[in-house]
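**Student:** Got a structure for you, questions after.
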Amino acid sequence: MLSLPRLWTHTGPLTLLLLPVAWFFASLVTVRRLAFRRGWLTRVDVGIPVIVVGNITAGGSGKTPLVIWLTNWLREQGHRPGVVSRGYGGKARRCVELGAESTAAEVGDEPLLIHRKTGAPVVVGRDRPAAARVLRARHPEVDIIVSDDGLQHYRLGRALELAVLDAATGFGNGWPLPAGPLREPFRRLHEVDGVVQVVRGGGAWRTYLGLKTWRADYRAGDARRLRAPEERKPLRALAQREWLAATGIGRPEGFFAMLEAHGVRHRPRAFPDHHAFRPDDLPAGGAVLMTEKDAVKCADFAGPDWWAVDLEVVPEAGFVEWLRTRLGS
């Protein structure tokens with residue numbers, strides 16, 4: 001069966017069948033965006049600066065690692081950041097603040113990973129302005145908010161918009177959802193404040209006419225054992241054996257290519273993005289490698305030889321300086 005992400009890489013008969021739905025979707029997006037620009041619908045000002053990090057394409061683009069980098073960087077600059085997120089894949093129906101007992105099933109895998117890797121307060125909720133209000137009420141010390149995957153949530157006022165692109169996949173076949181991966185038209189990128197292209201495995205990045213973009217390299221760090229997170233090994237130290245590489249992320253081929261670049265022999269197994277892992281999905285006694293995003297859902301039933309690979313993005317110096325100037329820090 002042809003999966004949607006694969007469908008989005010080319011234009012075929014099924015693409016053409018979906019075009020009427022895609023045009024209808026694109027029209028709704030355009031009208032809604034226009035309503036906010038003209039003031040027919042109003043944005044909510046939460047009283048402190050909001051940085052929105054998102055993308056105009058569906059699927060993985062490296063957005064979550066950039067949110068983690070940005071949140072940690074803001075703290076290094078003397079800010080006290082907090083994060084709001086939709087909590088995709090979680091069951092929470094109201095605004096929920098993440099804590100030590102939070103699970104991916106409740107709040108979503110990406111917010112849980114952000115919280116654990118930054119230590120920043122994180123609130124998830126379908127209503128972004130409401131989530132931001134809860135965050136401010138519970139953490140009055142927060143002086144700046146990072147909105148995870150919030151580019152299309154126009155109701156939340158924002159001081160800065162950052163769009164993230166995957167340099168390898170770009171805009172796919174260029175069609176709107178569901179015929180293609182576009183949540184919004186390409187021209188939306190000319191309205192945001194900055195565009196970051198995430199480059200995996202030292203690959204090339206793309207040049208788009210009239211569009212200024214910065215580069216951020218997607219890098220693999222150490223691997224850590226799920227049952228004993230304090231036990232860490234360089235990724236190349238795992239190259240002496242074959243692994244089952246299992247992941248439920250938007251662009252699994254990027255993870256597999258990264259393992260290959262580090263000489264790690266593996267059998268790839270891709271699950272749907274945000275997959276809710278169960279104990280019988282993977283061999284309990286096998287040697288398994290996964291991403292950190294997957295690990296937050298597997299820690300409770302991990303086998304003794306299951307490991308998670310630290311993944312991070314490192315933006316180029318020019319982007320960091322631009323960001324520092326824009327924020328006045």
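Even glycines carry a Cβ here, placed using N, Cα and C.
On a predicted model such as this, the values are computed, not experimentally measured, just so you know.
Sharing the features that Swiss-Prot gives for it:
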| type | residues | note |
| --- | --- | --- |
| BINDING | Thr57, Ala58, Gly59, Gly60, Ser61, Gly62, Lys63, Thr64 | ATP binding site |
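Burial and contacts for the listed features, if you can.
**Tutor:** Mapped onto three states, the DSSP output places Gly62 (ATP binding site) in coil.
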**Student:** Fewest other Cβ atoms within 10 Å: which of the binding-site residues Thr57, Ser61, Thr64 wins that one? Let me know.
**Tutor:** Thr57
**Student:** May I have the list of same-chain residues other than Thr57, Ala58, Gly59, Gly60, Ser61, Gly62, Lys63, Thr64 whose Cβ is within 8 Å of the Cβ centroid of the recorded ATP site, in sequence order?
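**Tutor:** These residues sit around the ATP site: Asn55, Val164, Asp166, Gly250, Arg251.
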**Student:** Enter the number of other CB atoms within 10 angstroms of the CB of Gly59 (ATP binding site).
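**Tutor:** Its Cβ shell of radius 10 Å holds 16 other Cβ atoms.
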**Student:** Given the binding-site residues Gly60, Gly62, which one is most crowded in terms of C-beta atoms within 10 angstroms?
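**Tutor:** For the binding-site residues Gly60, Gly62, the Cβ with the most other Cβ atoms within 10 Å is Gly62.
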**Student:** Taking the Cβ of Lys63 (ATP binding site) as reference, which residues of that chain separated by at least 6 in sequence fall under 8 Å from it?
**Tutor:** Val53, Gly54, Asn55, Asp148, Asp149, Val164
**Student:** Once the chains shown are all counted, how many other Cβ atoms turn up within 10 Å of the Cβ of Ala58 (ATP binding site)?
**Tutor:** 18
